[in-house]
Structures are given as C-alpha cells and as structure tokens.
Amino acid sequence: LFTRCWAAPAVLFIGVAEGVFRGYANTVVPLVASMTAALINLALDPILMFQPIGWGVAGAAAATAISQFGAAAVYLQQLISNRMLPQQRAQKAPQVETLQLPTVADTTNAKGISRTGSRPAMGVIRTILGANVAMLAKQGSLLFGWAFASRRATTLGPAHVAAHQVALSVWLVFALILDGTAVSAQVLMSRAFAQKDKPAAKSLIRYMVKFALFQGLVSMLVVNGIDFAVPKLFTSDPEIQGHLSRLMPHLAVQQVIVSLTLVIESLAVGGNQFKLLAIGTALATVASIWQISQQTTVGGIWGIGIMTLFLGRLLTSCIATWQMYRLVGSADQKH
C-alpha cells in the first residue's frame, strides 16, 4: 500500500484526462494509454518481483505505480499536442469535434470596466460539482455493497470467500468487456442531448438497448460454455470447486442484466441524470445488503444479493433514461 500510494496523483490525473477525451468522443487515446500501462506493467513485474531485485509483492505494486505514471505521460502528451490545456486553448482550438461549454464572453467588474474573456459560466461549474457529488455518492454506495458482499462471504468460511473472489474476478472480466458499449452510449447520448436532437436520442436509445441485449446474450453463452473449466482452472480444492460450479449459472444469467444496466445507465449519464442515478443506486444497494445479510451460502450472495443490486440499478437507469428522453429539446433541459 505504501508503494502504491505514490501513484495516487497519476491515478487522479488519468481519471480526469480519460473523462476529457471521452467528452471529445476520442476513445483512441484512452486505449493507447491503457495499452502503454499494461505493457510497462508486464515488463516490470518479473524484473521487480523476482531476482536480482526480488521485491516480491512490493515489486508488483511498484510496477503498477510506474505503469500508471506511463499512462499519465501519454495523456499529458496528447493534451499538449492537441492544445487542450487551458493556457493553450486561446491559441488554438483542439483538433477534435466537441461540444462547447456555455461561456461568459463579456463581463463587467465591480468598477464598471468591461473585460472580455472566456470562462465557464457559474451555472456550468455548479452542474459539474453537482454531477461529481452525485456520481461520488453512486460509486461509493456500489463499493460499499460489494465490500459488504465480500465481508459476508468471509463470515461463511474460507471456501465460500475463495469461491466469491474467483467469481468476482470472472465477473469483472466480462463486465469490463460489456462496458465498452456503455462508454460509446454515454458519449453519443451526451452529444444528442446537448444538441437537443430528440429523433437522434430516440434512435440511439433503441439501438443501444438492442445491442446491449445482444452482447449480454452472447456473454451469457460464453460463460455457460466455460462453466465446466473455471472451477478446475482456479483451484484444486473440491469444496471450492463445488461452490464455483454452483455459482457459474448465476454469473451467466447476470450477463444480460449487467449489460443492459451498464448501457442504459450510461445513456442516462449522457443525459445528465446524475442525481436520480445516485438515489436509485443507493436504494438498490440498501436492498442488496439486506438480501445478502440473509444468505448462508456464496450462491445465495450472488444469486439473490448481487442480482437484487443489478435489478435495482436497471430499474433506476430505465427511469432515468425515460426522464432524460422527455427533457431532450424541452424548455426544461439543462446543460
């Protein structure tokens, strides 16, 4: 942890920079940055973990920290080359298509002297702060829910928590794959919402929901296809293998729900429905925690508790997307 904490500035910068490029509908730079980090990590892990350096776990942490600084360097280079930094924007606009924030081009100071500039309007700043608080609350409640699930699995015994961690790793791999479509949905919907293009928003919602359903079904078939191999691949303990064998059908069924949730939720995020998503996610987490606390097996944690979490999130995202669609092009639409 001490070694990893040195990368905190890089992690924060990566998060902000990735958001910037997503806002410009540029997904190539985040891909290059992620690949750079992965390659650096892959190269440094054996060097720092084993002989002659032999740092062990600390070496793995150091390799990850260095790789994150590498990704941050990629983002910084792209921000500079595209003249996207604040001090560069007055010289030359970014060479990418973007939606401009509302600006105050001419303001008057307290002495009545007019000054010309381009700064974000206070309304935009309030919107950004409100979105940050809402999304922080949303992600915080989700993390708390996952942490509670892990804690509950721990209380059930070593075999249960081992199966839970393996299932979580498998689930995360597929969730990250499914999330790629969600990123596209968010970027495209934010553009349609900002341009008040209701037909485009309607078409996008229909297409993305269909594609989310399709990729969820494909993912479900893949998980079903590997369910016999996963338990033996991760452990030789027969008890853990038994728990994993009973978990895999739950993971397979959840692929469709997770895919729809991630994509529809991203559509709502693109339409600025941050507060509604935060409230709904918090309520879904509370319901999930209550369900998890009642379970006596890791299968119950995933089959009932985690499923409750995602069904609640899916319901919330559907309501938020409908609310966003109603606002597109209306007088009440807020930027």
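Even glycines carry a Cβ here, placed using N, Cα and C.
TrEMBL: automatically predicted annotations, no manual curation.
Keep in mind that this is a model prediction, so the values were computed, not measured.
Checking the ranges 6-23, 276-293 against TrEMBL, the transmembrane segment annotation falls on 276-293. Three or more CB pairs closer than 8 A are found between the transmembrane segment (276-293) and the transmembrane segment (124-148), so contact between the two stretches is assigned (pairs 6 or more residues apart). At the 8 Å Cβ cutoff, the transmembrane segment (168-190) and the transmembrane segment (251-269) share at least 3 close pairs (sequence separation 6 or more) and count as touching. Residues 166, 170, 174, 177-178, 181, 240-242, 244-245, 248-249, 251-253, 255-260, 262-264 of the same chain, all 6+ positions outside the transmembrane segment (211-231), place their C-beta atoms under 8 angstroms from a C-beta of that stretch.
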